[in-house]
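This report concerns only the one structure given below.
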């Protein structure tokens, strides 16, 4: 029942070259991130010479859990961990909308991919940076309306 649709989906992701030419299999991979959280700072737009501008902001996601064994789990202490993510928006239309409407404290949903890059800081030291390249942003709250 589910076998045929699964095979059709897999065929979209795996491409085979001719068996005569080569036995090399070219396969697609997936780099996808979904985040739901609150904006930590108003976005900034930066432009490096010779490159397209980028809108950058931080997004906080929270993870909560209860500590304790099975008997006291319901009564255990609640612990929380906040993880901060650097969000970069390069797509021209989305970049401008994010710069204009994303505000500190807003609750948003971001879809994108993880990117690990390197850059030289102002002291000429090579640094590594992890960022989420946003493909889609969904605004779930307007911070100005929440304060009213």
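Cβ from N, Cα, C; glycine included.
Some features that Swiss-Prot has for this protein:
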- 30-141: domain 'SSB' (DOMAIN)
- 67: phosphoserine (MOD_RES)
- 79: phosphoserine (MOD_RES)
- 113: N6-acetyllysine (MOD_RES)
- 122: N6-succinyllysine (MOD_RES)
- 1-16: transit peptide (TRANSIT)
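Mapped onto this structure are the features recorded in Swiss-Prot.
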residue	record	DSSP (3 states)
67	phosphoserine	coil
79	phosphoserine	strand
113	N6-acetyllysine	strand
122	N6-succinyllysine	coil
| request: List the residues of the same chain that sit at least 6 positions away from residue 67 (phosphoserine) in sequence and have their Cβ under 8 Å from its Cβ, in sequence order, or write 'none'. | output: 76, 77, 79
| remark: the residue listed as 'N6-succinyllysine' sits from the residue listed as 'N6-acetyllysine' (Cα to Cα, rounded, in Å) at a distance of 27
| Neighbouring C-beta atoms (10 Å sphere around the C-beta of residue 122 (N6-succinyllysine)) | 5
| Predicted model, mean pLDDT over the domain 'SSB' (30-141) | 92
